[in-house]
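Note sheet for the following structure.
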């Protein structure tokens, strides 16, 4: 079969080659038809030819060329297909280019029609290579074909070979398709098995549900029998009988512990009681509580209080909670929003379409209602039932009530500070002004009166200028009007040329009792401050310049104050030594053996402040300034918590202060160090006036946490800066209560997000270079709604940079309440000048203390 295919290919190749050129074959017009003849090579030749060579020629009897053979010898002695191929010289040569003219050789002219044999010979040689079984055969075949041009033309040999290859590819494709069909059949069989398994499982589930419903019907039947028996009994305490019957049903009901079913409600003693599995009773609940059976165990719950805008449906009883329903103001009050606006009832209030803020400020919401800017609707005013009212309800704000002091662990309070109208040196009183909180503090005659036992952390931000020849000292005193009073803290404000505005921050910690009084004073060492042009000027535009954090004794917090011992010699780098002034629990907090640090015996969070009075000499003190660092020593390894900067003075008194918060473990110690320039002589003072005082509050870690961060080097504001936000980089471990916003937040690395309600205390310091006539540092609360204005929590202001100093500093401290989701951020504002640089490596940091409410 393969050999026959080979003959066909050879003939077709010859026909293809004969389509062009001069017709000289035997089938040309005028010549007799010559049949195809197989010519066997001579056996007498000693030359072995390549068996792969096969030449198809057109045998012409009249051929007289050197390569022609006589017809009589063409078939002599050759039988079958095993004949040898002719010698190499007998094969047809490749077609030469035609030679016109009489000068061409006769043999060349006679072979001009043999060019069609060349391509057939090459093709046959190529095809024979595909038959490796004939590679070693010594025999060959010579096929002589006669091609008639124009009538025996067939497609080229390339197309035929392509068809053969396509046929082979189709066979392979059929085999692959059959394989895929078998795989699909297997998958279908597996899917059928899985569907059968699923159907069986569904049937089993339906059977289980049927059994469960039957068991539920049995329980309901027994339950109805039990209720009938209870109704027919006239005993004084039917609840005990009911519990006794339920006790008998406990084993059966326990088997259905994991099954969910619905029980009917029972009308008993004109109240509603929801009964599930048998559980012990609540026992004795208070008057404002009811027994809740909805959980796993009955428990006493506080009765629901109807919110403003809701009316009472049913009172709270021992078996049921109070029920309230929203009042429909739009239905009760005709033409509430006017003829032009539509009234829509909302929970606790109503909404008028087309109502503007200006109309709401005019009192459109009506009596006992206020306009809620966040919801943009009118809401009912709150009522202070058992609490004192701080501020009444207005057209744009709700009633502010005080929180019960016995239910809170921490409370924040803030107020303003102003100069006394008739105050004069050497002791000028500062008045503390603010809304009185009847349960915690009250403001009386410029002083703050405490009403609760506890611990307090006090922060004060002041911006002032004075023309006194010496320093002015700000003092915070407890019980100033009674014997036994003491100064909690003090800070000195140096004399500065040009009377520029100076910013100071003062902090202190102490235990307080009801009736104790807290007051502020300005003291001066000289009496040359009374002329009108030299009076003290106090910046009154600051927000919350005075704030305090009150901690209940139930938190387990400990307060400590220690006075720094005065140094009689001049120092550069100085580690202060302390002497304990007061401590609420010496077991938890105590001084180290060398009195240079504070040791903690339990894990918690510490909020501390150190204020050190200094007297310096040398021009290097002014240009380079001072640094105050705080360190925590843990297992013999000392780590710097934070560092603040203070511009120095030459032949003058000043103070440097540092406040921060950090977590501590049992056995950790807290120490401090002051670094001064090498060419600066510094003397460190300490006395009973609180000018060099260490104050701290330690709070157990179960109710407190802290986070610290430095100014980020990315996005630092510079140039003409107006209310630009600061970006931070967190340096402390993450805590669950407060976190710095990450990359997925709307304000990444800007906002600090509180995740639990409580009270926060913030200390922020900046070291910067500027030419501003007034620079402001603010802490703001992020608005909940986009487009709304953020609320300022605290603000501090500073004046021009000290003359000769390379750096300036400004800082603020404040305490305020927070809720879950509260976000705060800081901004800096330069008025009439440029902000050239903010230090992001040293001297610029923030710390936040969180305490449970």
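Each residue, glycine too, has its Cβ placed from N, Cα and C.
Note: TrEMBL annotation is automatic and uncurated.
Cross-referencing 170-204, 205-239, 240-274 with TrEMBL places the feature coiled coil at 170-204. In the predicted model, the coiled coil (170-204) shows an average pLDDT of 91. In this structure, the C-alpha atom of residue 303 (disulfide bond) lies 11 angstrom from that of residue 285 (disulfide bond).
Ranked by Cβ neighbours within 10 A across all protein chains shown, the disulfide-bonded residues 300, 316, 324 are led by 316. Around residue 285 (disulfide bond), the same-chain residues six or more apart in sequence whose CB sits under 8 Å from its CB are 291, 300, 318, listed in sequence order. Between the alpha carbons (Cα) of residue 324 (disulfide bond) and residue 316 (disulfide bond) lies a span of roughly 10 Å. The 10 Å shell around the Cβ of residue 303 (disulfide bond) contains 17 further Cβ atoms across the protein chains shown. Summarising the environment of residue 306 (disulfide bond), the number of other Cβ atoms within 10 Å of its Cβ, over all protein chains shown, is 16. A Cα-Cα distance of 11 Å separates residue 306 (disulfide bond) from residue 316 (disulfide bond).
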